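Structure first, commentary second.
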């Protein structure tokens, strides 16, 4: 035996002799009499869930526990779970505190600690720490310092594996010290290659390089990550094996040379080389391969004299060949699944082995270790899969965990009120499910994940649910490319988060207060319209020529400098939407289009698309709206086209994904659209800014439209005051709109309010073109538009005479005639207007079944009371008749006004106007008064649009949601929320107040920004998404390195800086080419998400 140990280990000296001596006597003498030294007090030199895991095992064995914690971890659970807890690393950075060996040893010695458990990560694989423990007379719960050194140095471990006959991947024999060495290795073995930290694992310092151009950047990132995570940036390089399975074997050794394995775990489901889901045992693993893996692991461990728990990791290629990767000389995060299938408590075993017990004495013999069922572990992290798994930070506002048969939870930071910082790992809780086989365990895991309710921070739970439901995961084998190759895993189910959204709104009100105390028989005409005669040649140049030559900014300047009043003709879209239910076919639009091009070239624009065009074209006309745009563009090349864009709703009735809105605008611009009138039905700024950014990015003219309601001249109606409109306009101008628009959908602008509003806007924005849109429901549209022109408006909307009036726009002929010979002269020929009108008068007869005059014979000034938008006025009148309520339309209009008050006096534009209309008709159909609705709100089944509005689906209305009405409405059948406001907290350093509630009997709290207090506090500026060249932090973190400086020229995609969060580094690249105008951060700056890093000018 002496010769065997000396040969294998090249001489282990006294340690080897002592072990051999013990082994030779173990058959005749009880090991306990030689080595057993009971442990009375254990310190865990770690944090989080692993610290608590060890504390629990110690408590079960009657051992006293000691925790250590950094200054940033004073509120963490692990320090509360221990019998004693002491601060370490005072004044040091968060991670460095747990790497400060002198402080840890000092605390151990001063408090009579017998043994230190290193956990995983931090110092767990540092031989100098194991040595320091030994020298201080404190036992290290793990292998000897020499074994830790050899196994922790992956290069030496690799050499030992080769010596033991274990297959290895081609790689460097020693840690590399320069980029040149990496380049030489790549030249020899070819790409892809992989960098690995020589002194730690967990995916830190691990980077795959597939091309020569990526080598330098990845080398630097891997070195930096390894240095930050393990205190040593040494790396080694290996040939990267494509699509392997990652299989690891759990081993356990004692002080007497006994080593056993506890079978394998499959850790192939990884993201950025970090394990996400682990399974024991590995699914569909060939028994012969399992025997090879386990025997190689045991042989290697015996060769080095391994004691305590450890893991031998392998890659298995598609041919079933296995390659040694490394030995983790510590407990693994995923040790839990091994415990579940073998019924062996690995931490108990670690402690007993450290005391001197032998494995046979603990009942741990290889022939007794059996696999029982299957176990899965999911790492629930505070990472957002929808944003590339970026770590999220903040306060956990709600935490409700899973439980039940077959579920085990190992957690530490997972509790209501916990603060998730960017300084440490993003792991929140480990969920372990056990069952008789993989599908059974997976079903239990899915059930458990569905039970979780975590609010305040993003988590990866929706992603994990997709993994657990994946057919390949359940019934086949997976490899390390599983996530990359299954992009459907990222089709995430969005959490509703109804209660928390409601609490945030209520909290905001409590902190900041409220903003303010066809059923007709008409037949189509048989007369075909006559197309007016056209001149020969091409149509004359128009404003579109200016736009194409000078771009949106130059176009806006030309509009502002124009002498006379400009008109936008809505005949091709809004006019027939208001009068003919948008039913006009492309065929009839195309026939008159050439006449418009030749005779109305001096129009500001033609509104011919957007709004309800898509809905009606596809649902009723069976036409392609895109083809309509293309064909009209070909026929009218000289006049700009304008469309309505409902902000984040695009041309629909609900919020769409941002990229869909951006793509829509891009394609619309490519197919001929010029001007995008962007609005939101609630004037909700975030939705408007999205639409503006999308239109601007597409190269269109951005016309931000403020939806108008109320009466700015009435001192008794000040919810939507003149100041409200001016402030909103300031935000839109600041956001970069080219043209400012007032969108008066109900035709509420009378001459005096028109004068007040437009004068105030013109005085505030002397260089900004102003465009006014109205409807003529009350018959005062022409007078109001003339007042706007006198006050400084540049453009007003009109419709040709035969398509004007009532719920449509004011008459084009009337405006042309009234301004003729004045400074507001439109320059349009009245004779041409008459011909244009004659065509539409006959054409309108073709649509008689849809004509509003079938049921409505005139406009009505009562619109100033009920505020029904023009197009909706027509639709409601039609619907009232179709529902048999024609004789009750007066009641419908009255109910509309009451419904509007119930909902908090909304701005009424699609889709908010539909919500008010739905509620009004609901009230009339059910004979409900406003008082009835308020009293019975908790029992009535409201229209879905009303419920979704109160849930916040379309945004937050000015002044907030109506209370107590909203609190009473049942948000979902069978899901009623009972909320009680309790208290309001003090102002914190972030300018927030904590607001406390009782929700369904449980205490809840939310943090709400105090808008008044924040005005007096200094905060790092945020990057504005709509300002090109402002680069913001993609996630919270610390600036590790700045790669550019002020005045430096950069190219698109060039690295600007490196951020570190949760020990992972992210490179922030330049979104465009230009010059760095200003840098707002420096090295070591701590940033929140979207904090401004730097500004680039093109």
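Including glycine, each Cβ sits where the backbone N, Cα and C put it.
As written in TrEMBL, here are the features:
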- 330: active site (ACT_SITE)
- 154, 238, 273: ATP binding site (BINDING)
- 574, 743, 773, 775: Mn(2+) binding site (BINDING)
- 38-488: domain 'Biotin carboxylation' (DOMAIN)
- 158-355: domain 'ATP-grasp' (DOMAIN)
- 565-834: domain 'Pyruvate carboxyltransferase' (DOMAIN)
- 743: N6-carboxylysine (MOD_RES)
- 1063: N6-biotinyllysine (MOD_RES)
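Feature annotations (TrEMBL) mapped to structure.
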residue	record	Cβ within 10 Å
154	ATP binding site	27
238	ATP binding site	21
273	ATP binding site	17
330	active site	29
574	Mn(2+) binding site	29
743	Mn(2+) binding site	23
773	Mn(2+) binding site	27
775	Mn(2+) binding site	33
For residue 273 (ATP binding site) and the residue listed as 'active site', what Cα-Cα distance in Å is obtained after rounding to a whole number?
19
Would you mind reading off the Cα separation of residue 238 (ATP binding site) from residue 330 (active site), to the nearest angstrom?
23
Would you kindly give the Cα-Cα distance separating residue 154 (ATP binding site) and residue 775 (Mn(2+) binding site), rounded to the nearest Å?
76
Restricting to the domain 'Biotin carboxylation' (38-488), report the mean pLDDT as a whole number.
91
Cα-Cα separation of residue 574 (Mn(2+) binding site) and residue 330 (active site), in Å?
71
Please report how many Å separate the Cα atom of residue 773 (Mn(2+) binding site) from that of residue 330 (active site), as a whole number.
71
Measuring Cα to Cα across 154, 238, 273, which the record gives as the ATP binders, how far apart are the two most distant ones in Å?
16
Give the sequence-ordered set of same-chain residues, not counting 574, 743, 773, 775, with Cβ within 8 Å of the centre of the Cβ atoms defining the Mn(2+) site.
570, 744, 745, 774, 797, 809, 870
How many Å lie between the Cα of residue 743 (Mn(2+) binding site) and the Cα of residue 154 (ATP binding site)?
68
